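To start, the structure itself, in structure tokens.
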Amino acid sequence: MRSVSIFGATGSIGQTTLDVISQQADDIEIKVLTGNGNVALLAKQAQQFKPKTVVIADESKHAQLQQLLSGLDISVQAGRDAILQAARIDVDWVMSAVVGFAGFEISLIAAQHCKTLALANKESLVCGGPLLRKTCDEHATNLLPVDSEHSAILQCLNGENLNTVERVIITASGGPFRKYTLKEMRDVDASQAAAHPNWSMGQRISIDSASMFNKAMEVIEAKELFDLSNDQIEVLVHPQSIVHSIVGFNDGNMIAQLGPANMAGAIGYALNWPERAVLDQPRLSAKDLVSLDFSELDDKRFPAVSLARRAIDMGGLSGAVFNAAKEQALDLFLAQRIGFLDMATLVERALDHYMLSDWSREMSLANIQFADETTREFVQNCLTEDVA
Ligand code: NAD
Ligand code: MG
């Protein structure tokens with residue numbers, strides 16, 4: 001029997017994780033499920049999977065959740081502290097799938113209490129990759145990516161020596177605005193940006209895909225996971241989202257991983273690693289592979305990836321600054337306070353600001369939280385001063 005906790009169970013990744021787990025239900029026991037505000041879905045999941053503990057982040061929904069789960073032998077809790085406490089429960093496998101910086105501390109605590117940390121929350125690696133890696137090393141915790149590109153790299157590396165890797169190529173679908181001019185992108189709204197052509201995901205990562213900030217985060221994620229330098233990581237636009245990543249080795253050989261554009265494959269791989277288990281999900285046919293297109297990323301229309309490369313070169317807490325500026329800018333875009341293209345401008349200004357700051361560069365949780373908070377304020381203040 002394996003014990004499992006899922007943080008962010010009600011989200012896109014969380015729900016797919018439960019789907020995958022339900023196919024292997026015989027040997028999996030769920031200890032913890034958490035959600036933020038969707039109390040009805042969280043209650044439904046708890047009724048079906050019977051975890052020991054359920055936590056809802058939004059405390060105002062506590063009583064409602066308690067009522068929906070009354071009579072069941074489930075500890076029902078609420079609030080941020082209760083979520084962090086739930087991350088301290090020892091289990092075999094944790095899915096970290098809360099969206100945004102809120103997921104970082106959860107990943108960090110869970111890394112100390114589980115055998116395997118399946119990491120969908122890429123923000124954890126962007127904001128504090130070295131700290132998370134160190135924590136996993138100290139506790140002998142396996143850190144497995146749940147991002148299609150990074151799961152692809154891990155699969156390509158199976159049985160390989162990491163020292164023989166020359167480079168990786170991660171693919172990007174190009175999102176809904178792949179063919180848009182800058183002028184056309186200026187006036188797009190959130191619903192256009194969230195309409196991803198291939199993947200069904202949460203709203204925030206969908207918009208990040210349209211702006212290429214998702215790919216930018218993934219470049220940092222690849223660097224942190226596989227100890228690569230900036231110039232060992234390339235990005236290639238591939239509209240079909242069938243080839244997820246390609247790894248190039250020191251003998252000139254390359255290995256690519258292919259699969260359908262859904263997260264079940266990556267989640268199933270992380271759940272069963274280093275083995276594989278039968279998974280009921282769509283198969284690609286040979287016909288699907290007849291026409292695969294690749295093109296270079298246009299940095300002028302999509303500057304996010306070059307901003308991430310700049311953050312990598314800057315080092316220190318620049319990843320946390322990058323992420324906080326991006327999250328705050330996305331909030332402002334969602335609130336219709338800024339345009340789609342202003343998001344990149346604000347991230348660039350936040351990185352400029354960080355370069356001139358005298359903050360401690362040392363990577364600790366407190367310093368990362370400080371960088372996050374201060375950068376959000378900075379971006380908010382940019383708005384009242386002039387930008388956009
Ligand atoms: P989502 O918005 O669908 O779900 C987010 C989950 O986090 C929900 O359960 C929500 O209730 C919870 N949550 C949100 N804010 C919270 C808070 N402050 N405290 C506690 N819980 C909170 O997002 P998603 O698409 O499932 O993405 C989750 C993570 O996985 C993100 O980091 C994303 O970048 C990453 N990811 C997603 C995909 C995908 O296909 N959806 C692919 C790769 C990586
Ligand atoms: Mg991805």
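Cβ from N, Cα, C; glycine included.
What TrEMBL says about a protein is an automatic prediction, not a curated fact.
TrEMBL lists 4-129 with the feature domain '1-deoxy-D-xylulose 5-phosphate reductoisomerase N-terminal'. Summed and averaged per residue, pLDDT over the domain '1-deoxy-D-xylulose 5-phosphate reductoisomerase N-terminal' (4-129) gives 98.
Positions annotated as NADPH binding site by TrEMBL: T10, G11, S12, I13, N38, N121, E123, G202. All protein chains shown were included, and the count of other CB atoms within 10 Å of the CB of E123 (NADPH binding site) stands at 28.
Remark: E218 (1-deoxy-D-xylulose 5-phosphate binding site) has K122, D147, E149, H150, I170 as non-local neighbours, by Cβ distance under 8 Å and separation of at least 6 in sequence. The DSSP secondary structure for E218 (1-deoxy-D-xylulose 5-phosphate binding site) is helix. The 1-deoxy-D-xylulose 5-phosphate binding site annotation in TrEMBL covers K122, S148, E149, S173, H196, S209, N214, K215, E218.
According to TrEMBL, the feature domain '1-deoxy-D-xylulose 5-phosphate reductoisomerase C-terminal' maps to 143-226.
Annotated Mn(2+) binding site per TrEMBL: D147, E149, E218, in sequence order.
The annotation domain 'DXP reductoisomerase C-terminal' is assigned in TrEMBL to 258-377. Mapped onto DSSP classes, the domain 'DXP reductoisomerase C-terminal' (258-377) shows 69 helix, 3 strand, 48 coil.
Cα spacing between I13 (NADPH binding site) and N214 (1-deoxy-D-xylulose 5-phosphate binding site): 15 Å, rounded to the nearest whole number. Only E149 of the binding-site residues listed as T10, E149, H196 bring a Cβ under 6 Å of any atom of ligand 2; the order follows the sequence. Here the domain '1-deoxy-D-xylulose 5-phosphate reductoisomerase C-terminal' (143-226) has, by DSSP, the following mix of helix, strand and coil residues: 45 helix, 11 strand, 28 coil. Candidate binding-site residues: T10, S12, N121, N214. Those with a Cβ under 6 Å from ligand 1, in sequence order, are T10, S12, N121.
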